[in-house]
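The next block holds one structure in the form of structure tokens; read it before the comments.
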Amino acid sequence: MDDIKLAKVENVRMIDRYNTKNPTVGTLYLTATHLIFVEPDSNKETWILHMHVASIEKLPLSTTGSPLLIRCKTFLSVTFVIPKDSECHDVYTSLLKLFQPVSINKLYCFNYQPAKDDFPKNAGWDFFKLDAEFKHMLVPNDNWTLCSMNEKYELCDTYPRQIYVPKEATTLMLISSSRFRSKGRLPALTYLHNNKASICRCSQPLSGFSARCLEDEQMLEAIRKTNTNTDYMYVVDTRPRINAMANRAAGKGYENEAFYENIKFHFLGIENIHVQRASLQKVLEACEQKSPTMSAFLNALESSGWLKHIRSILDTSSFIANAVDKGVSVVVHCSDGWDRTAQVCSLAQLMLNPYYRTIKGFQALIEKDWLAFGHKFSERCGHIQTDAREVSPIFTQFLDCTWQLMSQRSESFEFNERFLLILHDHVHSCQFGTFVGNCEKDRLDLKLAERTFSLWGYMSNHLNEYINPLYKPNVDESIKANLAPQCIKFWRGMYSRFESGIHPREPLGDLLLDSKEHSNSLEDHVQHLTKRIASFKNYISKSAKKLQDATTANPKASKEPASNEINDNKYNYDKKLSELSAADDDHPLKATNMSFANLSLNAEQTSPQALTEEISSVAVDWKPMRNVTSCSCSTPFDQFSKKTHCFRCGDIFCERCIDKNVALPGHDSGKAVPVCRGCFRQMQKQSP
């Protein structure tokens, strides 16, 4: 590749900021997509995706070489000391070109090909349809209808083609309201609760100090009338009041209470993207302290204001959720309605509706409130070279707030922390086309569904890794956030993910999930064996009955066995085969289409072999996770690498060595489960 000036550098020292005294020496490889550091002694590899790089800094020359500090969007921070300054400069200039392309068409997703044919290119792109999500809410109905005016994105180019508005809204009201709102983002339905209370979202009005729009006022009144529970509704401005007032000087601002009847206004004080970006930077500085004391870390975390911002977002979301739960409709906006509005609308729905707390529902929530309604992922995540002031951790905060709710109500969520981390990493990786672009129109123009793979397609192959073993479905319809200061936690698993020595050897969630998977595997195997035994018992009882009937009909036959039955083994064998072919359909050894765990016993397979394969295909004992420090391929396990059991042999492997999912003959369900490469090859040989 033209951008790579130097593909390989020997004798590079990698300095882990938590282990500065014992740097590791290895080889640094620069590929078209990754920076890879290989430690020959421990066989450990550190892979850094170019798209995950947030910043590269060439530090002053030292006695040991030229240091290169790389900070990642995944919160990995690493320093490579390269022996020669010229080599360091080549790596530095190559990375500058690779980590942030100039054109969106140069992103990783347009060249990415899975290492194996795990899933087709179209998998995942059709998992979620906006109209299907609204059908879950029984929309359209008597009060809400589908507006066709945005089919070609003429009403608002950052909204989805399908927008749902009050039935009472006229064409003039929709057009005028769109013109009166920043970026044309008129009030549109995003969630309808089962009590008729709704959440609608929009952007700030272009009201200035005195401007008004009668049609916009009528639009909000039409929204209020869709809910007959109350004679008023809330308009929630997520900004601090002072920010909203400052925007009035630029001709924007907020709704004038004198013009909008039957509406209660609330400012709820979430800071803007610039404050949030600066806050996260201070969090990272707190985490990067070399040898932090307790007070130094806590003071740095406090001065960052990060946990205050997280609490503020949860507080606003709770206000919206409580209002809707009590039957009051809410219209939400910030400045342009694609950052703070996306955060609080989606979190309120997470609190209100258990469907969104499932894996599929959470993905649907992201599709609807973030992707369809135009959160600017490419700008906020810095996918390509753009104005650095547009980058902000808005989606990271949403995941953080979700984690806070999970920490407080773990039994209410189907997914675990790993699920959120995978989402976070792939929002920034651009490995999949799902989060590329700033709105639905961008993604259609780029033809991402045809040209790239979907993250949802990839994740559907790894669902067993994302299950929360404590999940109890249908326990609570709605949940509330505990906003007490001591209940808002620092998410160590996200921001200190790569710090060695501060995490448990095996996360409790992983141990529980592992135990649950083992139990499920054994239950599945027992179910299969039970059916096998029942089938044999059925055959034996029928055979005994036939023998009894034959003896009753011909008593002499039983007393005088034919001599050839005793002596001629070939004759006996042929006779048994002919009896078998004439036997009832449920004969367990008969070569029929009968299937146990999708296993067909054909003529080439003798029953003992088939039975042995079924019984030995499921590992009864699994190797304990503790004290397993490396995979059989010598890859060492650390605090952020997942240990996975092979369901067939029960041994533990790294993610690269256990990349196959197959149905085991000894499982009744026929469900595909993880097996190691060795077991997979063995099964391929045994297959007819």
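Cβ from N, Cα, C; glycine included.
Remark: Cys334 (active site, phosphocysteine intermediate) has Ser203, Gln204, Asp237, Thr238, Arg239, Ile270, Arg340, Thr341 as non-local neighbours, by Cβ distance under 8 Å and separation of at least 6 in sequence. Here TrEMBL flags Cys334 as active site, phosphocysteine intermediate.
Annotation comment: TrEMBL describes Asn272, Ile273, Cys334, Ser335, Asp336, Gly337, Trp338, Asp339, Arg340 as substrate binding site. Taking the Cβ of Asp336 (substrate binding site) as centre and 10 Å as the limit, one finds 19 other Cβ atoms among all the protein chains shown.
Taken from TrEMBL, the feature domain 'Myotubularin phosphatase' applies to 124-495.
The domain 'Tyrosine specific protein phosphatases' annotation in TrEMBL covers 304-347. Helix, strand and coil counts under DSSP for the domain 'Tyrosine specific protein phosphatases' (304-347) come to 29 helix, 4 strand, 11 coil.
Sequence annotations record features per position, and here TrEMBL assigns domain 'FYVE-type' to 633-684. DSSP places the residues of the domain 'FYVE-type' (633-684) in helix, strand and coil in these numbers: 8 helix, 13 strand, 31 coil.
If you look up TrEMBL, you'll see 550-569 marked as region 'Disordered'.
Packing against the domain 'Tyrosine specific protein phosphatases' (304-347) from elsewhere in the chain are residues 158, 182-183, 185, 187, 190-191, 193, 195-204, 220, 223-224, 226-227, 229-230, 232-239, 243, 247, 252, 266, 268-273, 275-276, 279-280, 282-283, 285-286, 356, 365-366, 369-370, 373-376, 380, 392, 394, 397-398, 400-402, 404-405, 478, 480-481, 483, 485, 488-490: each is 6 or more residues past its ends and has a CB under 8 Å from a CB in it.
By the criterion of other Cβ atoms within 10 Å of the residue's own Cβ, the least surrounded of the binding-site residues Asn272, Trp338 is Asn272.
Cβ atoms within 8 Å of the centroid of the Cβ atoms of Asn272, Ile273, Cys334, Ser335, Asp336, Gly337, Trp338, Asp339, Arg340 (the substrate site) belong to the same-chain residues Ser203, Thr238, Thr341, site residues excluded. Largest Cα-Cα distance over the residues recorded as binding substrate, namely Asn272, Ile273, Cys334, Ser335, Asp336, Gly337, Trp338, Asp339, Arg340, equals 12 Å.
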